[in-house]
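As written in TrEMBL, here are the features:
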- 190-296: domain 'CAAX prenyl protease 2/Lysostaphin resistance protein A-like' (DOMAIN)
- 49-71: transmembrane segment (TRANSMEM)
- 83-103: transmembrane segment (TRANSMEM)
- 108-128: transmembrane segment (TRANSMEM)
- 148-169: transmembrane segment (TRANSMEM)
- 205-223: transmembrane segment (TRANSMEM)
- 229-253: transmembrane segment (TRANSMEM)
- 265-290: transmembrane segment (TRANSMEM)
- 302-328: transmembrane segment (TRANSMEM)
């Protein structure tokens with residue numbers, strides 16, 4: 001058994017989960033215990049390995065979506081010439097608060113592209129660096145502390161939950177499920193890319209990062225508390241509360257945009273929970289990336305690869321059952337359950 005006297009705070013957690021390496025410091029870990037414990041760890045280890053290979057597939061999906069984004073960006077740039085671009089807040093229905101014109105929309109579009117591209121590159125780079133450091137894709141839990149791993153887990157879980165709900169509604173309850181007309185391809189490219197950035201700012205940043213930053217500022221009187229606006233401060237019971245509130249607002253905001261279909265409120269609320277989780281744990285860039293991958297799935301249709309997009313969707317739905325198992329095993333009876341979380345956490349003060 002590896003000596004634990006000089007371990008980092010996460011070594012024992014990774015050892016208990018069956019990892020051969022600590023995902024935080026990279027230390028090699030030994031294992032001992034009962035046969036039942038070994039079986040339990042091996043099952044969770046297998047699910048993490050499966051999901052790590054799923055991440056590679058999602059990387060390829062992101063590459064396709066980014067190529068499509070760049071290929072269509074010129075058309076969007078022309079679309080935004082000499083227009084007034086409105087911006088909204090969710091209260092909870094979308095309410096326009098200001099507009100920009102002249103060169104503003106085109107400059108904003110360039111910023112959207114930069115933000116999405118930077119978020120994707122940074123998350124993917126960190127995923128491969130950390131995974132390689134911790135033993136590679138075949139090593140259990142090698143990448144579980146990376147944003148991209150949880151973006152992938154969340155994406156697969158969301159797709160599975162979404163299609164289960166749609167299947168029940170359409171095949172068992174006879175509810176008609178339709179998709180609104182989002183306009184031309186160029187309008188969709190802008191709309192979906194813009195949603196990945198702006199919707200994350202007016203939901204996760206405003207309704208999670210904002211309250212946590214204010215509470216932190218009051219408690220610590222430190223200007224560093226403003227960093228909480230961008231997320232990544234870690235899970236706490238307070239954060240869970242604001243994740244739920246922001247998700248309900250996010251879900252309600254989709255009611256009018258989806259032709260007043262109540263089912264979309266449910267699925268959007270569930271999606272908001274996943275967006276909120278990656279925002280709190282890793283930061284705004286992670287929730288933007290997850291939102292972008294989800295909304296930009298239509299890119300396969302735009303470039304004539306709709307059939308491949310459908311195959312990939314069903315593949316990720318399969319991975320989604322593994323993802324849901326992995327999530328449940330982490331939160332049931334572990335310190336990652338709500339009961340095991342600190343009341344408040346902001347990166348400056350702990351376990352308050």
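Here the Cβ of each residue, glycine as well, is placed from N, Cα and C on the backbone.
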| query | With the transmembrane segment (83-103) as the reference, which stretch in 148-169, 205-223, 229-253, 265-290, 302-328 has the largest tally of C-beta pairs below 8 Å? | reply | 229-253
| Among the recorded stretches 148-169, 205-223, 229-253, 302-328, which has the greatest number of Cβ pairs closer than 8 Å to the transmembrane segment (49-71)? | 302-328
| request: With the transmembrane segment (148-169) as the reference, find which of 108-128, 205-223, 229-253, 265-290 contributes the most Cβ pairs under 8 Å. | output: 265-290
| Between the stretches 108-128, 205-223, 265-290, 302-328, which one has more Cβ pairs under 8 Å with the transmembrane segment (229-253) than any other? | 265-290
| said: Can you work out which residues elsewhere in the same chain, 6+ from the ends of the transmembrane segment (265-290), have a Cβ less than 8 Å from its Cβ atoms? | reply: 62, 115-116, 118-120, 122-123, 147-148, 150-151, 154-155, 157-158, 161-162, 165-166, 196-197, 200-201, 203-205, 208-209, 230-235, 239, 242-244, 246-255
| said: Return the average pLDDT for the domain 'CAAX prenyl protease 2/Lysostaphin resistance protein A-like' (190-296) as a whole number. | reply: 94
| field | Chain residues in Cβ proximity to the transmembrane segment (205-223) (below 8 Å; excluding those fewer than six residues from its ends, i.e. six or more beyond) | value | 89, 229-231, 233, 238-239, 242-243, 245-246, 249, 276, 279-280, 284, 344, 346, 348-349, 352
| query | Within the domain 'CAAX prenyl protease 2/Lysostaphin resistance protein A-like' (190-296), how many residues are helix, strand or coil going by DSSP? | reply | 94 helix, 0 strand, 13 coil
